[in-house]
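Q: The following block contains the structure, expressed as structure tokens.
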Amino acid sequence: NGAICIQPCSPPFHGETSFVCENRKWQMFTDACASLDVQSLFQVSSGPFLHVCCTSTTFFSAKYFGADDYGDSNCQADFSCIIPDILSSPAIPGNIADIVELLKKISLLFLENVNRGKMQSYSRIANHILNSSIISNWAFVRDRNASSILLDSVNLFAGKLLLRNGSESIQEHFISTKGYSIHKNSSGKSFDFSMAFSNTGNITGHMVIPEEELLKLPKTSKAISVAFPTLGAIIETSRLDPGLVNGMVLSVSLPEELRHILLTFEKVNKLENVKAQCVAWHSAERRWDSRACTVKSDNISSVVCICRHHRRTFKSFSILMSPTTLRNAVLDYITRLGLSIFSLVLCLIIETVVWHHVTKTEITYMRHFCLVNIATSLLIADVLFILAAVMHNTALNYQLCVAATFFLHFFYLALFFWMFTLGLLILYGLLLIFFKITRSVLIATAFSIGYGCPLVISILTVAITQPKNGYLRSGACWLNWYETKALLAFVVPALSIIVVNVVVVVVVVVQTGRSSVGEGCKSQDLSNMIRISKNVALLTPLLGLTWGFGLATIVDSRSLAFHITFALLNAFQGFFILLFGTLLDRKVLGSLQHLFWIIRTFS
């Protein structure tokens with residue numbers, strides 16, 4: 001596994017194909033086989049024109065050029081002479097990479113006098129590799145940033161488009177460019193696009209420059225917008241970003257004075273239970289960034305976004321649909337249940353009332369000591385979870401979100417480490433019967449594990465990821481996953497503790513089973529099974545084993561059933577702790593009955 005094999009391409013193609021070994025099978029990794037050769041395509045000669053090197057491997061033959069050094073004047077004006085060979089070439093991964101490189105060179109070298117003819121030729125070339133039928137081929141392009149390079153190149157070239165009579169419109173199937181002259185006395189200027197996304201139908205996009213923004217213009221300027229119905233899907237094929245683009249990509253080129261625009265995107269997948277997110281393409285970091293946009297309205301068919309335009313950073317916009325952000329009324333209701341918080345508060349009150357009656361031995365003292373800290377950690381984490389959701393939904397400042405995430409991370413880790421401490425205490429009581437440890441040592445060890453370890457992990461996580469703005473995930477006050485994997489600082493300790501506590505439960509089951517060995521009566525089997533089942537039921541919520549069901553939401557993040565099951569178990573954990581940790585404890589119940597008898601006697 002992981003071995004790489006490189007194979008040369010069969011004639012007439014040149015280049016190579018690489019394969020990677022996965023599960024004892026060779027899987028194609030990259031395909032650089034090409035029939036085009038752009039390495040020797042353009043050279044900058046003494047003049048400002050295109051000059052094609054007529055080598056034997058170049059697909060641009062000498063038929064396009066006259067006797068002079070600069071070639072045919074028509075080709076110089078709009079380089080249309082190269083289009084027939086490009087359009088007749090197969091859109092295989094190697095050719096896609098070469099065409100992206102060609103468009104990049106054109107956008108860098110020939111930005112002067114970008115007229116309608118040049119933009120039409122440029123659009124026809126780009127349209128060839130934006131076709132919806134060849135999106136899957138982009139997955140095997142060697143340069144994973146090829147789609148981002150294409151987007152930047154088109155934006156740069158289109159931004160220099162000259163407008164005839166104050167407007168311009170150039171339409172291809174999979175790329176459309178529109179431009180208008182704008183000035184401060186204009187009413188709000190709008191750009192409307194309706195384009196084919198696939199053979200099944202069209203999608204629309206709408207961009208508006210608000211009138212209050214136009215008032216900022218000191219002189220007449222131009223606004224250019226480019227629409228890409230398939231580019232979002234192309235970007236997905238070469239990235240590990242789980243956010244699925246659910247509309248066209250709209251690029252804009254505006255004067256520096258204009259910062260805010262209004263964008264309306266029609267959704268490709270009109271699913272009611274999937275949340276939409278407005279995003280901008282961060283051209284420097286080559287990723288979708290939600291910080292530049294906010295959702296103004298969202299319905300089943302379209303989304304309206306307010307976005308911040310920046311000429312060097314944010315020029316392209318779209319909407320994402322995240323499969324891990326399921327928006328369902330049942331799920332929203334369950335996650336906001338107050339039963340867990342109410343149960344935890346009641347648990348702490350009961351523990352306070354009966355504390356002196358149930359903590360007379362070292363083991364019972366430490367058991368209730370761990371239980372109180374588990375309940376306290378979960379209670380604070382639940383409250384912080386609600387506050388973090390409120391902070392995100394009301395768009396409060398970034399620093400508050402960082403602080404909420406830090407403490408949320410800390411107290412959820414504390415919950416797990418206290419459950420780990422309780423598991424170790426159970427092993428101590430079962431296996432080290434004749435080895436006694438003083439209460440002060442037990443308490444110091446428990447505090448070190450329960451709060452010390454989470455504090456170290458939380459501080460290291462924020463110290464390592466926050467300087468690179470990789471601490472928070474996009475769209476929530478919680479740890480980042482897709483850029484910095486900060487979430488591993490929670491997932492790895494939590495899953496490790498769950499595994500250890502599963503071992504603890506197995507040890508308890510084995511010890512319980514051994515206690516009845518030698519009794520010599522088959523009637524004891526039933527009572528033995530009941531005793532084992534009771535122990536498992538008691539320990540499962542106290543040791544956090546219900547969190548193991550969260551693995552199901554990772555295996556299949558689209559399944560609503562898994563999300564609802566995990567949300568139910570999570571929401572009711574506080575109730576389970578109250579029930580199994582406190583109310584079913586015989587000593588606690590006895591103390592409560594005694595207290596109620598005293599109250600009734602005096603009343």
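Using N, Cα and C of the backbone, Cβ positions are placed for all residues, glycine too.
From TrEMBL, here are the annotated features:
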DOMAIN    181-327  domain 'GAIN-B'
DOMAIN    329-585  domain 'G-protein coupled receptors family 2 profile 2'
TRANSMEM  337-358  transmembrane segment
TRANSMEM  370-390  transmembrane segment
TRANSMEM  410-434  transmembrane segment
TRANSMEM  441-466  transmembrane segment
TRANSMEM  486-510  transmembrane segment
TRANSMEM  536-555  transmembrane segment
TRANSMEM  561-584  transmembrane segment
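Mind mapping these onto the model and telling me what they sit next to?
A: DSSP states for the domain 'GAIN-B' (181-327), grouped as helix (H, G, I), strand (E, B) and coil, give 14 helix, 81 strand, 52 coil.
Beyond the transmembrane segment (337-358), the same-chain residues lying 6 or more positions past its ends with a Cβ under 8 Å from any Cβ of the stretch are 364, 368, 371-372, 375-376, 378-379, 382-383, 570-575, 577-579, 581-583, 585, 587-588, 590-592, 594-595.
Away from its own ends, the transmembrane segment (441-466) comes close to residues 362, 366, 369-370, 373, 377, 402, 406, 409-411, 413-414, 416-418, 420-421, 424-425, 479-480, 484, 486, 489, 493 of its chain (Cβ-Cβ under 8 Å, at least six residues beyond either end).
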Q: I need to check the long-range neighbours of the transmembrane segment (370-390): which residues 6 or more away from its ends have a CB within less than 8 Å of a CB in the stretch?
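A: Residues 336, 340-341, 344-345, 347-348, 351, 401, 404-405, 407-408, 411-412, 414-415, 418-419, 421-422, 425, 446, 450, 476-478, 542, 573-574, 577, 581-582.
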